[in-house]
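Student: Quick one: the structure is below, questions incoming.
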Amino acid sequence: MIRVAINGYGRIGRSILRALYESGKRQQIQIVAINELAKPEAICHLTQYDTTHGRFKHTVKLNGDQLLIGDDSILLLNQPDANLLPWAELDIDIVYEATGSLIDRQACEAHIHAGAKQVLISHPSSADVDETIVYGVNHDLLRAEHTVISNASCTTNCIVPVIDVLDKHFEVKSGAITTIHSAMNDQQVIDAYHDDLRRTRAAGQSIIPVDTKLARGIERILPHMKDKFEAISVRVPTINVTAIDLSVTLEKKVNIEQINSVLQRASNGSFNGILGYTDEPLVSCDFNHDPRSSIVDGTQTRVSAGHLVKLLLWCDNEWGFANRMLDTSLAMIQAKLDR
């Protein structure tokens, strides 16, 4: 049994906990503690009730500093300094670092100094971590000695498996990406101040361009793709599910049927459970609560002049990513067992 703690109990932190209870992995992973600065009453309430993912199927209660989920008891902590967290006392194997504020090795090593054995970051990190993992593509790089690991981003997890499949079959020469991302909690409900002037504007009223480092994230996972991709991102007035418009130029000449066939086979084969494929006329809300990293919409595949391919990919940017956090943490422990 892996003993884990969640540091930061926001959208991803809560999704990790809920995903664990729905995924069938509770015999392998135990959430021992949650460190969150919000009030315990709010933590309990938002665990039970969620606008995006619905009501939690398990009963959630508070008992002092314990969050009770069914027969499970999880210690609630309220410690802003990661160096002072009781990870040694609690014998924590892995900390899910989900605050969004600890993004480099030095900051995350506070958890190691506090007694945790490993840290898995739930967002892109600086380059000095031991590895950045997209589960299903490069989790075989995990080693027993690794202590600080990034699980990349939801969009990196969405797009990299598709690029990997296309490259192995048809050789990707270059690509351009537009991420059509649901609104996030770093945006405003109504106009308010923000360092990013575009994010001063009401999230529910505009399509808002934001900066993205997705292209650099692809390079970190697939180093041979360096300088081959560029990306832009816009936020749209939906609360969950993201679409990615991917255009790639391929070395080999292809048609729509070949592209869709290769991706569909991958979804049923080596990427089963990670990559999906659909040819139904679906919309974004149909992918809410989907545990896969990426779903190819085969109805939107286009090929121009035999080499330029356009794809539409879907992902639940919360739920799919939370499930990959669970998968990667199990792979981290397996790497130790394989030592």
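Glycine too: its Cβ is placed from the backbone N, Cα and C atoms.
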Student: Record says ARG11, ILE12 bind NAD(+). Source is Swiss-Prot. Which of ASN288, ASN317 does it list for that same site?
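Tutor: For NAD(+), Swiss-Prot names ARG11, ILE12; of ASN288, ASN317, the listed one is ASN317.
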Student: Of the residues ARG105, ARG235, only one is listed by Swiss-Prot in the substrate site with SER153, CYS154, THR155, ARG199, THR212, LYS213. Which is it?
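Tutor: Record source Swiss-Prot; matching candidate: ARG235.
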Student: Comparing the binding-site residues SER153, THR155, THR212, ASN317, which residue's C-beta has the most other C-beta atoms within 10 angstroms in this structure?
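Tutor: When each Cβ's neighbours within 10 Å are tallied, THR155 tops the list.
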Student: List, in sequence order, those binding-site residues among ARG11, ILE12, ASN317 whose Cα sits within 10 Å of the Cα of ARG235 (substrate binding site).
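Tutor: Those close enough: none at all.
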Student: If I take the Cα of SER153 (substrate binding site) as reference, which of the recorded positions ARG11, ILE12, HIS181, ASN317 has the closest Cα?
Tutor: ASN317
Student: In the three-state scheme derived from DSSP, which category covers ASN317 (NAD(+) binding site)?
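Tutor: Coil, per DSSP.
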